[in-house]
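Structure record follows, encoded as structure tokens.
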Amino acid sequence: MENPQDIFSSNGGCLSDIVIEKYLVESKESVSHVQLACSMQDCAFPLDGTELCIWNTKDPSHQLLILRGHHQPITAMAFGNKVNPLLICSASLDYVIMWNLDECREKVLQGLVPRGTVMGSLLGKVLCLQLSLDDHVVAVCAGNKIFMLDIETQAVRAELQGHLGPVTAVEFCPWRAGTLISASEDRGFKVWDHCTGSLIYSSSVLSAYPLLSLFIDAESRQLVTGCADGQLWIFSLMDGHHYRRVARVDLRKKTETFSTRRVKSGLCSQPEESQLPSTSALGKGEQVEVTFPVLRLAPCDLSLIPNSACGCLSSENTRCVWIGSSVGLFVFNLANLEVEAALYYKDFQSLSILLAGSCALRNRTADQKVLCLLASLFGGKIAVLEINPAALVRAQQCPSMGQSLSVPASSCVLPTSPLYLGIAKEKSTKAASEQRRAARNVMKDQRLVFHSKVRSSGYASAPHVTMFSPKTNIKSEGKGSSRSRSSCAREAYPVECAVPTKPGPQVAAAPTCTRVCCIQYSGDGQWLACGLANHLLLVFDASLTGTPAVFSGHDGAVNAVCWSQDRRWLLSAARDGTLRMWSARGAELALLLGKDMFSKPIQSAQFYYIDAFILLSSGPEFQLLRYHIDTCKDEIKRYKQKSKSKLICRLSTTGAVDMTSLSAVNDFYSHIVLAAGRNRTVEVFDLNAGCSAAVIAEAHSRPVHQICQNKGSSFTTQQPQAYNLFLTTAIGDGMRLWDLRTLRCERHFEGHPTRGYPCGIAFSPCGRFAACGAEDRHAYVYEMGSSTFSHRLAGHTDTVTGVAFNPSAPQLATATLDGKLQLFLAE
């Protein structure tokens with residue numbers, strides 16, 4: 001965890017700009033577990049147990065409006081959703097009272113005692129209140145029951161029973177009239193139809209700790225509930241999703257990751273003119289293990305903040321939620337499941353409350369400030385804070401290092417670039433090699449004795465008469481021309497096509513149960529290459545029909561395959577430490593790089609820069625190789641390999657940790673190479689500059705085993721900025737979507753189980769979908785705008801290890817641990 005003085009960067013200015021304590025009062029009785037309430041300009045809290053106090057933030061005299069009517073300590077209160085009239089409901093063991101604040105203020109000005117309307121009496125200990133969106137109904141949570149009270153008639157519309165423990169939170173669904181969601185100390189939530197009083201859905205037990213808070217996000221149609229141990233549970237409320245779980249988040253771990261990234265970035269420093277907090281809130285030498293109970297959840301829309309304040313936050317990634325905890329306030333992003341900002345009470349000497357027992361939050365749209373009402377965990381202090389979210393985010397968001405980075409090449413190759421040197425050297429030697437080749441051709445044209453059968457000297461014999469010359473090119477021409485015509489006539493990839501979910505052909509890649517390590521389509525979508533654990537490389541027709549072409553020669557599992565951009569060559573790397581380039585047409589070996597050339601086995605290998613280079617990773621470094629394939633066939637010296645490669649440059653990761661994945665674009669010119677390391681980082685290399693350009697620390701909770709870039713295809717086009725998106729995945733940590741321009745995670749996908757085996761991921765050619773394998777014998781398809789999966793593809797017989805989208809048609813190929821290949825087609 002960072003030191004308090006390191007929490008805020010020099011961009012934030014004075015700490016007093018972030019949070020101001022506007023009001024402080026001390027009650028004779030503790031209100032640490034009382035439901036507090038905030039409206040746009042009013043804060044409500046109990047004073048001395050039975051008095052309901054309303055403090056108006058716009059009143060310069062700080063006059064309290066005190067409402068009396070309860071004889072027992074107030075346990076809960078809630079504001080209405082309408083401004084005129086502004087209602088507030090309060091509850092105690094004796095009464096549930098509804099107050100009209102406008103009428104109460106008028107009576108106070110007239111010197112009269114304000115009175116409320118008793119909604120109910122002796123309902124029990126009320127822990128939570130919530131008014132409906134139209135202020136017609138109030139939900140009163142007393143014990144394990146929920147009473148739906150009509151505000152106009154004070155009648156009980158319905159009594160909801162089913163929880164096994166006290167109900168701690170309740171929310172009305174904004175888009176479903178009559179739907180109510182409740183959370184309880186029984187560690188589950190329930191969905192009700194409060195109009196009929198019926199139960200719609202009941203969750204299982206989520207945690208070992210009680211649920212304390214609820215929040216419904218209308219835009220993403222998600223439910224967020226918080227536990228006493230700092231766990232956040234997120235569920236989908238979309239129709240047809242059946243309240244499935246989207247993610248589970250540990251708030252403590254997320255805050256630690258947030259702090260670690262800032263420390264490793266090295267961009268955050270101490271502000272020069274800030275009043276720094278003390279390093280210990282409880283005294284010198286004392287250390288207390290505090291939990292992060294989620295006391296309250298409230299909406300936080302960072303889109304209202306000026307872009308200059310948000311820094312590298314994208315406009316699509318500003319829907320967040322405020323988390324009120326005992327130690328501080330946190331801005332949590334529902335898209336990428338990350339903490340965007342953290343405000344610890346102990347970091348501000350001006351704050352009177354360092355540990356909170358209850359809190360309430362409300363956004364003010366007029367000035368984009370946030371009202372926070374806190375009650376001390378120990379004692380009777382109650383404080384009103386005014387928070388500036390723009391200053392908070394600006395102080396903690398480090399300047400983006402990726403703003404100048406772009407996957408599509410945006411500048412010419414520099415003379416000092418390894419790319420320039422590799423191409424320039426090739427061009428300089430091209431003329432000489434052509435001259436030597438021409439000389440060899442001239443020599444080959446001379447009549448030699450051993451080129452034909454000879455009976456004596458051979459030169460005096462008459463030449464043989466050609467009796468019959470078969471047209472051996474008929475078959476190849478027909479097949480090739482048909483293939484080329486079909487390739488040229490293929491339609492563009494349908495951008496608005498449906499997800500390929502219809503099961504198609506399924507074949508076994510090998511006679512025995514053999515793991516499929518990797519799969520990749522050719523650029524024209526006609527062929528599918530598969531690397532197997534039995535040392536073979538197979539090439540299937542895209543329809544998985546016919547007999548596959550077999551490429552044999554490796555002595556280990558083939559863990560990487562790659563097609564060249566012109567589809568003439570295939571690259572394969574295996575556990576035996578060798579790299580082989582094959583002729584895709586004849587299944588012949590064209591280039592062999594032995595294990596003696598690499599310090600460690602090759603982890604990743606691919607063509608790069610439109611087939612100009614080979615890019616591979618071995619140990620802590622990746623190598624850029626220039627290659628030459630000799631296509632001339634010499635029957636005499638066919639045993640001698642004339643194809644060759646040359647090392648242009650090698651670059652190592654920061655810290656010299658072994659690489660686990662490597663990715664670069666080959667279909668168009670790009671200077672960017674992405675590498676993942678065993679230290680859970682993703683490093684960006686700029687080969688135009690020949691160095692590391694940026695490092696993403698703590699990219700996942702475990703090492704990334706695959707990076708997948710949005711490369712599109714030659715059959716469809718995307719916006720140029722879309723090519724800056726890439727996916728990463730790690731065992732047990734789902735899949736993350738990143739933007740190279742901001743070096744930020746834009747979305748986190750967690751709906752598929754991958755707890756022990758590295759499963760593959762893939763981008764669709766249109767860039768709208770991402771697919772991934774899973775251990776539950778299913779493949780999952782996500783839409784880029786949603787954190788939960790849109791389709792779950794069944795029909796597999798084992799763990800789905802690899803997925804690949806056809807670049808020319810809406811097809812998805814999957815590979816399994818037992819060696820099966822499965823096609824999915826669009827409906």
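Start at 1 and count along the chain as shown; that gives each residue its number.
Every residue gets a Cβ built from N, Cα and C, even glycine.
As written in Swiss-Prot, here are the features:
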REPEAT    3-57  repeat 'WD 1'
REPEAT    62-101  repeat 'WD 2'
REPEAT    112-151  repeat 'WD 3'
REPEAT    201-237  repeat 'WD 5'
REPEAT    292-337  repeat 'WD 6'
REPEAT    344-387  repeat 'WD 7'
REPEAT    502-542  repeat 'WD 8'
REPEAT    546-584  repeat 'WD 9'
REPEAT    590-629  repeat 'WD 10'
REPEAT    646-687  repeat 'WD 11'
REPEAT    746-784  repeat 'WD 13'
REPEAT    788-826  repeat 'WD 14'
* To do: Sort the residues of the repeat 'WD 13' (746-784) into helix, strand and coil with DSSP and give the three counts.
  => 0 helix, 17 strand, 22 coil
* Please give the sequence-distant neighbours of the repeat 'WD 13' (746-784): residues at least 6 beyond its ends with Cβ less than 8 Å from one of its Cβ atoms. => 244-248, 314, 316-317, 335-338, 493, 495, 497, 499, 501, 518-519, 705-706, 708-713, 715-716, 718, 722, 725, 727, 729, 731-732, 734-739, 790-794, 796-808, 812, 814-817, 824
* To do: Over the span of the repeat 'WD 11' (646-687), count residues by DSSP class, listing helix, strand and coil in order.
  => 0 helix, 24 strand, 18 coil
* Structure fact -> What DSSP reports for the repeat 'WD 3' (112-151) is 0 helix, 23 strand, 17 coil
* Structure fact -> Summed over the repeat 'WD 7' (344-387), the DSSP helix, strand and coil counts are 3 helix, 25 strand, 16 coil
